[in-house]
Amino acid sequence: MFSLNGSSIWNNPLYGVSKSLTQSAQKHKSAPPLVVAAVSSNARPRDGNVLAVENTLKEVTANAPSTSSSGIAKDSNTSVAGGVEDVYGEDTATEDQFITPWTVSVASGYPLLRDPRYNKGLAFSDKRGMLTFYAVYFLQWLSAKISRYMAMMDLQERNERLFYKLLIDNVEELLPVVYTPTVGEACQKYGSIFRQPQGLFISLKEKGKILEVLKNWPEKKIQVIVVTDGERILGLGDLGCQGMGIPVGKLSLYTALGGIRPSACLPVTIDVGTNNEQLLHDEFYIGLRRKRATGQEYAELMDEFMSAVKQQYGEKVLIQFEDFANHNAFDLLEKYGSTHLVFNDDIQGTASVVLAGLMSALNLVGGTLAEHRFLFLGAGEAGTGIAELIALEMSKQTGAPLEETRKKIWLVDSKGLIVRSRIDSLQHFKRPWAHEHEPVKNLLDAVKAIRPTVLIGSSGAGRTFTKEVVEAMASYNEKPVILALSNPTSQSECTAEEAYKWSEGRVIFASGSPFAPVEYNGKLYASGQANNAYIFPGFGLGLIISGAIRVHDDMLLAASEALATQVSQENLNNGLIYPPFANIRKISAHIAARVAAKAYELGTVVLRSYNVLNLQESL
């Protein structure tokens, strides 16, 4: 089977090691001396990430409903299987323990040096830390981003501890390497740069045997699954099973930014073929060489997968959908949202991070959300997902019906402005945005007709925010808000330099891919990055520690509000509507606490080992 190895890591109390290893060590007390790899949180009894959660919880639990209320009381005899259990001793830990029970791993000799979960290379004994220095030096020496990506993936397979240490300590520099934008190129070249499998591939050939396949996966305590079918990888289209780079990259961030144990993460690619002719004729393509399955054949395979996951891992395992095509993404979320703990990062994660950025931007442009007009280029998963969450937040703030707040938001697709006269030809997820207006064929004319205060790009089409479009936005607004969200960099609607130059330095700008600071008229402008990594690691962590079994829109709103509060006045003074990534672990902890509190408030949890009041100790 294909395996992403688990790990026990030094400085996050959610990391863990196999219980069987500890039991084995206890049984063989007469064995030769063992090397014990046990490291605390940077030689401190408590981690800053934990303190951030604790401090936030002191605020959010004050008004939290009693845990004895119906449906959310702690019950060790609950019939719901899976999810978080006290396998690693979290519930027995105390705050004054120097080394917590789940950060101790025992191994020796050759297995210790060959197992990436426990090998520390030159970091053993008096050489601790030297390997980190060599790894950073080597990565800086590599010039091509794809070479850095390959080096990081090799490191993850060889020395998982060092991989996460490196990523955590250098997150701003390495996030674009292990994820967007570099992961897009890695997916395109996946067959050529393939080293060894890092996740689980489930193809049509496994139909009828998916549960058996999952049972063969070596890790049994899975808490998060990121799954894709590779049909819409970023803005690059159908890459088939080469889209595995997405689940692997997302789960690396779940660990580095959110603190989920690597052994509790499962990357999955559903291989139903590809419609990419180039890949079908590529000798290095590793997937099924057939056209994509559709209709009943596709639905039956996905249904078997979802049922098998629930049967094997329980109701509290989080299933995150990634990079499914529009027609499947909305259907899967609607179909399984009421029966599984599911989350679509393209629809919901993007919406949450963008809403947070808009809340921050209001501090610079003034007014409330309801007082602004929004125009989207792109009416797919991301565009309609963002639009819906903005409308929900406006409805929450004003008390107006959702149907009314939607009228503040306009969308442009490939055929022009979405208007009422087109409703019969529109896909179901576009219909709520069909307002009364005469037809408009292109974006520039739509900007002139709607005069939006906020322009958001989620089209996947590069360089579509032209000079004329940006200048028109600047002519109607003293401080136009422009978000060019499409990934990778080549698909961004405009660059940061173009936005600042064409708006004469007045734009409030953020993008999906990172851009370097821009100098204009002697002033340096640092643009923000509306990266989903701000949201999904903390959001997922909040779901897991709360024991939630369903995702609710109010949880997404809570995550957005939590992220927006992390933007300092200094950030705003520099034109940034997102906080620095250097603080991402504390940000994730803050979001997790708010999401967990909201889950309890909504009563969407089935508890086994956790509740709000003992969350400090369990972390």
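One is the number of the first residue shown, and numbering goes on along the chain from there.
Just so you know, glycine gets a Cβ as well, placed from its N, Cα and C.
Copied over from TrEMBL:
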ACT_SITE  Y179  active site, proton donor
ACT_SITE  K250  active site, proton acceptor
BINDING   R232, N487, N531  (S)-malate binding site
BINDING   E322, D323, D346  divalent metal cation binding site
DOMAIN    156-337  domain 'Malic enzyme N-terminal'
DOMAIN    347-600  domain 'Malic enzyme NAD-binding'
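Cα proximity to Y179 (active site, proton donor) (within 10 Å) is found for the following recorded positions from R232, K250, E322, D323, D346, N487: K250. Across the binding-site residues listed here (N487, N531), the residue whose Cβ sits among the most other Cβ atoms within 10 Å is N531. Proximity to the residue listed as 'active site, proton acceptor', defined by a C-alpha to C-alpha distance within 10 angstroms, is shown by the following binding-site residues from R232, E322, D323, D346, N531: E322. Those residues of the chain, other than E322, D323, D346, with a C-beta within 8 angstroms of the mean position of the divalent metal cation site C-beta atoms are T228, R232, I233, I246, F321, F324, A329, N344, D345, E381. Mean pLDDT, taken over the domain 'Malic enzyme N-terminal' (156-337), works out to 94 on the 0 to 100 scale.
Of E322, D323, D346, all annotated as binding-site residues, the residue with the shortest Cα distance to R232 ((S)-malate binding site) is D323.
In this structure the C-alpha atoms belonging to N487 ((S)-malate binding site) and D346 (divalent metal cation binding site) are separated by 12 Å. If you measure from the Cα atom of D346 (divalent metal cation binding site) to that of N531 ((S)-malate binding site), you get 11 Å. Note: the Cα of D323 (divalent metal cation binding site) and the Cα of N531 ((S)-malate binding site) are spaced 15 Å from each other. Taking Cβ-Cβ distances under 8 Å and a sequence separation of 6 or more, the neighbours of E322 (divalent metal cation binding site) in its chain are V226, V227, T228, I246, P247, K250, N344, D345, D346.
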